[in-house]
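Please read the structure below before turning to the comments.
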């Protein structure tokens, strides 16, 4: 009697290889995000205390928790923003034109969160021509009377967490401005907040258990991944809407749009597997789901802190961001478990995945 060849070990090996390879690719894709110091959940929040003297011609806001300062000037108002050595750095003209002094060291210092001023990415030398004593070289960078820039004075610059008392104040800060040729000082405080109860982590565990149970079936496996991808895309759009609306943002275009791109790839892989029934079973039920899982894992990586960190920079409410992220984490975890346990899912009730031909048994049934 001809022996039956099983695919148990090769399929499990394929799962391990695909997971490792695709996870590595997802890590490579998301590496620029970490290098650019994108706005992420954190324990820090910078708040403005006072504008002295009051300047009704401008509005000053902190964006991204503690990442950016934004100044919006009314039409006709002029604003000058000095660099760290008092040199001309940014200016808003009466017609709303926004310019940057390319020779200001602040342009380079503000390009990343940790550069200069004792940060881990400290800069010790500047390119030729970049100096606080050099004459300004103005470059048009925006319009509309609004500019946002990363400012080291409003966030924590060392790796060790601050020691705070009951006031939660990590440091006081001030940023000088000149509004209509009048000196104005913006003062504020950087708050260090404790971690919150990780209810979204518990939600992720519940979702993972349910997803692992449902993903035993092929259609459910793909629909779960497609739904998680749509959720990730929606949250990514919220992040784009919350993006700092100025060239002074240290987030490059790839950082801003990469989460939506990853969510789109995941949705495309799951959607293709759902619709393209002529593809091989391994491609539809194993390879494409793994592509979706890996890209969603890359999407989740910079958002894991949402589970316990109190400051959630987003246009959405915090519980929406936390709940949506927990849902995605739970689904990809559950589907991954289901794939490892059963790489090719069970057939649908009444169906069969058996593609062999010929007699299935040499023993006739008993009469």
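Keep in mind that glycine also has a Cβ here, set from the backbone N, Cα and C atoms.
Range 323-341 is the one annotated as transmembrane segment, of 323-341, 342-360 (source: TrEMBL). Cross-referencing 176-195, 256-275 with TrEMBL places the feature transmembrane segment at 256-275. The transmembrane segment (256-275) shares the most Cβ pairs under 8 Å with 222-241, out of the stretches 197-215, 222-241, 287-311. Sequence-remote contacts of a segment are chain residues at least 6 beyond its ends whose Cβ falls under 8 Å from one of its Cβ atoms, and for the transmembrane segment (323-341) they are 12, 15, 19, 200-201, 203-216, 221, 224-225, 227-228, 231-232, 234-235, 286, 289-290, 293, 296-297, 299-300, 303-304, 306-307, 316. Beyond the transmembrane segment (197-215), the same-chain residues lying 6 or more positions past its ends with a Cβ under 8 Å from any Cβ of the stretch are 221, 224, 306-308, 322-323, 325-327, 329-331, 333-335, 337-339, 341, 345.
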